[in-house]
Structure formats: structure tokens, C-alpha cells
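Features of the protein shown, as given by TrEMBL:
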- Asp36: active site, proton acceptor (ACT_SITE)
- Asp176: active site, proton donor (ACT_SITE)
- Ser9, His67, Gly143, Phe144, Gly145, Gly146, Asp176, Gly177, Gly178, Gly198, Ser199: substrate binding site (BINDING)
- His34, Asp36, His67, Asp176: divalent metal cation binding site (BINDING)
Amino acid sequence: MKINKLAPSILSADYANFESELKKLEASGAEYAHIDVMDGHFVPNISFGAGVVASMRPHSKLVFDCHLMVTNPEQHIEEFARAGADIISIHVEATPHIHGALQKIRLAGVKPSVVINPGTPVESIQHILNLVDQVLVMTVNPGFGGQAFLPETMDKIRQLVQLREEKGLDFDIEVDGGIDDKTIHAAKEAGANVFVAGSYVFNGDVNERVQTLRAAIQD
Ligand code: DX5
Ligand code: ZN
């Protein structure tokens with residue numbers, strides 16, 4: 001049985017006050033801070049880069065779960081490792097060198113995670129599952145917070161649970177996009193164990209919202 005974890009996304013936080021936003025998350029008992037890095041190329045938006053992660057690092061003990069929505073992520077791994085990332089997620093769609101890029105993350109002393117977009121099949125990552133500590137299944141198309149959860153992505157979670165069992169592997173399954181107090185149930189039911197939530201957590205009382213999500217995933 002995998003441990004369930006909550007990963008609020010600071011994409012929906014107040015960017016002028018990351019220090020206090022991180023403290024709120026820590027006080028709420030969330031395990032991860034999910035950090036969405038967007039380059040304006042792989043996705044239309046630009047968010048923030050490794051410098052922001054490095055500035056936040058001394059202010060928080062949370063696991064920094066860095067989701068790189070950038071083209072050719074292999075060029076930025078060392079930078080994010082130095083900045084204090086604990087987990088680095090890279091998209092299979094963003095590089096022709098996914099195998100080497102995941103190895104590079106491990107070599108940098110960071111946990112490798114691979115991401116698939118809603119339109120990308122599980123088959124595209126089946127040969128690198130042995131290299132990762134986490135698979136992130138996008139439950140919206142990446143680029144923006146506040147989009148509606150896509151229930152059709154749940155089949156891929158079930159498929160990954162089966163593959164993990166067949167191959168005797170141990171990766172976490174994370175979901176990201178449109179997760180709230182209602183949609184989280186379907187994701188948990190399908191077999192996900194790490195839950196990202198951005199707008200749901202920050203568009204309200206952070207502590208209350210984290211507790212509500214926690215109650216929803218209690219075994
Ligand atoms: C979407 C990002 C998400 C985003 C989720 O591109 O990867 O992490 O912050 O936001 P919500 O929870 O609002 O869908
Ligand atoms: Zn994300």
C-alpha cells in the first residue's frame with residue numbers, strides 16, 4: 001500500500017509572499033510543495049524558474065516537487081537540483097531523450113519523475129518505468145490552473161497500477177489538474193497516491209482545504 005500525499009501547487013499562491021504561503025502549507029500538514037515551472041514554449045504560460053526555487057528553499061522543509069513544463073528539460077536539471085528540488089518531473093512529450101534525462105536527474109541526486117499529458121498513452125513510458133520514483137498523470141492539459149478535471153485519464157492510472165504490479169516496481173502515481181474535494185475521490189479510487197491541487201487549496205482557507213482533501217484520501 002502506497003502512502004497518500006498532498007502536493008498543493010504554488011502556481012495559485014501569492015507570488016509576492018512565497019515564504020508565508022509555504023509556511024501555511026507546512027502548518028497544514030501537506031507533504032509536498034508542487035512547483036510548476038512553465039517556459040512559454042512547451043506551454044503557453046511563463047511562471048517562474050530555478051532562481052525562485054532557490055530563494056524559497058531556506059524557508060521550507062517541504063518536499064519540493066518541481067514540475068518542469070519546459071522544452072528540452074535535460075538542459076535545466078542541474079540548475080533545479082542546485083536550487084533544492086527534491087523531485088523533478090519532466091514530460092515525455094518535451095524531449096527526444098527521456099531515458100537519458102531521467103538518468104541525469106538521478107545522477108544529480110534528485111528523484112526522477114516522468115509526466116504524461118492527457119493525450120499521451122502509458123505505452124510511451126513503459127520502457128522507462130524502472131528509472132522513475134514517480135509517474136505524474138496530467139488530469140488536465142498543462143499550462144493553466146483552474147481547469148476542469150478530465151475523468152478519461154483515470155484509465156491510465158489503472159493501467160499504471162497494473163504495470164507496476166507486473167514489473168515489480170515501486171513508483172508513486174501523482175495526479176495534477178482539476179483536483180478538488182470531489183474529483184480527488186475518482187483519482188484515489190483509480191490508484192493515484194500523490195494529489196496536486198492548486199486553485200482548490202489557494203482559493204480559500206489553505207488549512208481548511210488541505211484538511212478536507214486529507215479526509216477524502218484517508219484509508
Ligand atoms: C497545470 C499545472 C498544475 C496546476 C494545477 O498546468 O501543472 O499543477 O497548478 O492547478 P489546479 O489544481 O487549479 O488545476
Ligand atoms: Zn503541475
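Cβ coordinates are placed from backbone N, Cα and C, and glycine is handled just like the others.
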Close to His34 (divalent metal cation binding site), taking Cα pairs within 10 Å and only the binding-site residues Ser9, Gly145, Ser199, are Ser9
Relative to the Cα of Gly143 (substrate binding site), which of the recorded positions Asp36, His67, Asp176 have a Cα no more than 10 Å away?
Asp36
In sequence order, those recorded positions of Asp36, His67, Gly143, Gly145 whose CB lies under 6 Å from ligand 2:
Asp36, His67
Specify all same-chain residues, apart from the site residues Ser9, His67, Gly143, Phe144, Gly145, Gly146, Asp176, Gly177, Gly178, Gly198, Ser199, whose Cβ lies within 8 angstroms of the center of the Cβ atoms of the substrate site, ordered by sequence.
Leu11, Ser12, Asp36, Val140, Pro142, Gln147, Val196
Span of the substrate site, taken as the largest CA to CA distance across Ser9, His67, Gly143, Phe144, Gly145, Gly146, Asp176, Gly177, Gly178, Gly198, Ser199 (Å, rounded to a whole number):
17
Separation of alpha carbons, Asp176 (active site, proton donor) and Gly145 (substrate binding site) (Å)
10
Fewest other Cβ within 10 angstroms of its own Cβ, chosen from the binding-site residues Ser9, Ser199
Ser199
Determine, to the nearest whole angstrom, how far the Cα atom of Ser9 (substrate binding site) is from the Cα atom of Asp36 (active site, proton acceptor).
7
Around His67 (divalent metal cation binding site), which residues of its chain at least 6 apart sit with Cβ under 8 Å of its Cβ?
His34, Ile35, Asp36, Val37, Ser89, Val115, Leu136, Asp176, Val196
Would you identify which of the binding-site residues Gly143, Gly178 has the most other C-beta atoms lying within 10 angstroms of its C-beta?
Gly178
For each of His34, Asp36, Gly145, Asp176, count the other CB atoms within 10 A of its CB; which of these recorded positions has the top count?
His34
According to DSSP, which of helix, strand or coil covers Ser9 (substrate binding site)?
strand
For divalent metal cation, residues beyond His34, Asp36, His67, Asp176 with C-beta within 8 angstroms of the site's Cβ centre include exactly Ala7, Ser9, Leu11, Ile35, Asp65, Ser89, Leu136, Val196, Gly198
